[in-house]
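Listed features, source TrEMBL:
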DOMAIN    1-194  domain 'Mannitol dehydrogenase N-terminal'
BINDING   Ala3, Val4, His5, Phe6, Gly7, Ala8, Gly9, Asn10, Ile11, Gly12, Arg13, Gly14  NAD(+) binding site
DOMAIN    201-352  domain 'Mannitol dehydrogenase C-terminal'
Amino acid sequence: MKAVHFGAGNIGRGFVGLLLHDAGYDVVFSDVNPVLIDQLKAADRYTVHEVGEGGVDRVVTGFDAVNSAENEDAVVQEIATADVVTTAVGPNVLRFIAPVIAKGLAARSADAAPVAVMACENAIGATDTLRESIIENAGGDWATLQQRAVFANTAVDRIVPAQDASSGIDVTVEAFYEWAIERGPFAGNEPPITGAHFVDDLAPYIERKLFTVNTGHASTAYFGFLAGIDKISDAITDPNVGAKVRRVLEETSAYLVQTHGLDVATQDAYRETILTRFANPHLPDTVQRVGRQPLRKLSRHERFIGPAAAIAENGGSCDALIEAIGAALQFHIPEDEQSQEMADLLEELDAAQFTEQVTGLEPRHPLFDRVRDEVAAVKRP
Ligand SMILES: NC(=O)c1ccc[n+]([C@@H]2O[C@H](COP(=O)([O-])OP(=O)(O)OC[C@H]3O[C@@H](n4cnc5c(N)ncnc54)[C@H](O)[C@@H]3O)[C@@H](O)[C@H]2O)c1
Ligand SMILES: O=P(O)(O)OC[C@@H](O)[C@@H](O)[C@H](O)[C@H](O)CO
């Protein structure tokens, strides 16, 4: 069995590539980073070091690597004979790989079994987004090509920090992982990915993950940044930061329980597990990585505005989320392009314009004025 995986970065090597390898797939990594591709091509194995309780070393073999920027044709040919195509490139990059996947589908034999396409990004409906982009690229050929692929949304969870350059292609990760995949699109022919679980309704899984793990993680990063803390495990164990993050997660937990009918005790236990994961002292994760791309994180259906808007619509309390949004607005790291762009937008736009443009909230939305007030406060330090 063969899998083509776009994005040989942290989660690509430390999670998706590992689980596909463990399930018996030969993985072809496709990336645009020439150094990484050369390192992967030169190696016949890499090690995933799981750190913290229960962590062991896992070895990945049987992979190949192709630079999709320099050798698109080679990637197209790999997709033509693949069983699975996965991505972990970031939600904003999906539109750049869609043309290659469209060409790969066109190169498949008409009688081959459909390839399973799954975007493994932190976003709701990331595979749907990728599919829409592939449809645009396929144009009139889509009627034929659509039979050649099955598209399934997924929720992936494993904390994989930025890696030290000295570790080469080896990856340090936490021991915990979860990969939930929509079952429906496969109509009984799910790919045999043993480490994943297939679910009838992905919505509770992706929302629970994004609005607990990622809302909590980003809150830790932004409150930690304001407190002058660099490491995520130090930030979450700071009593002041930890208390604020807890309050944020109590709000999202109440939302999740109400919206998806989750069991309260189960959600409480899930939340506690996540806070313990953030506090893993062996994981070299930073507020810089976790807070990256604040404009994406402040967008309408993302980890802050998504739950806060839903809570506000139902008349609930989202004070802690509002405070986290206020902290996010102050995240400024020179290496992070979006944090610079956010600072520029805060200069250029008035508070209402910024709120509408960045968060996608309409001025009549019940959350709008509260976010606008946070923006105004940041503009007037
Ligand atoms: N790191 C984590 O803990 C984690 C966990 C779950 C989900 N995710 C999600 O996975 C995605 C990737 O995150 P990451 O932490 O691995 O980031 P990363 O930056 O380590 O990896 C992304 C990789 O994509 C490559 N890339 C960029 N443009 C490309 C293109 N056009 N074609 C092919 N490859 C391209 C980059 O060169 C890089 O190697 C994001 O959506 C993230 O939210 C990350
Ligand atoms: O990848 P992002 O930028 O959406 O979010 C940063 C982290 O919160 C994220 O990568 C987590 O480590 C991961 O989602 C854990 O499963």
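We number each residue from 1, going along the chain as drawn.
Placement of Cβ uses the backbone N, Cα and C atoms for every residue, glycine included.
The binding-site residues under consideration are Ala3, Ile11. Their Cβ neighbour counts within 10 Å are lowest for Ile11.
In the structure shown, across all protein chains, Gly7 is the one of the binding-site residues Gly7, Gly9 with the greatest number of other Cβ atoms within 10 Å.
Cβ neighbour count for Arg13 (NAD(+) binding site) (all protein chains, 10 Å cutoff from its Cβ): 28. Only Ile11, of the binding-site residues Ala3, His5, Ile11, place a Cβ under 6 Å from an atom of ligand 1.
Note on His5 (NAD(+) binding site): other Cβ atoms within 10 Å of its Cβ, all shown chains, come to 27.
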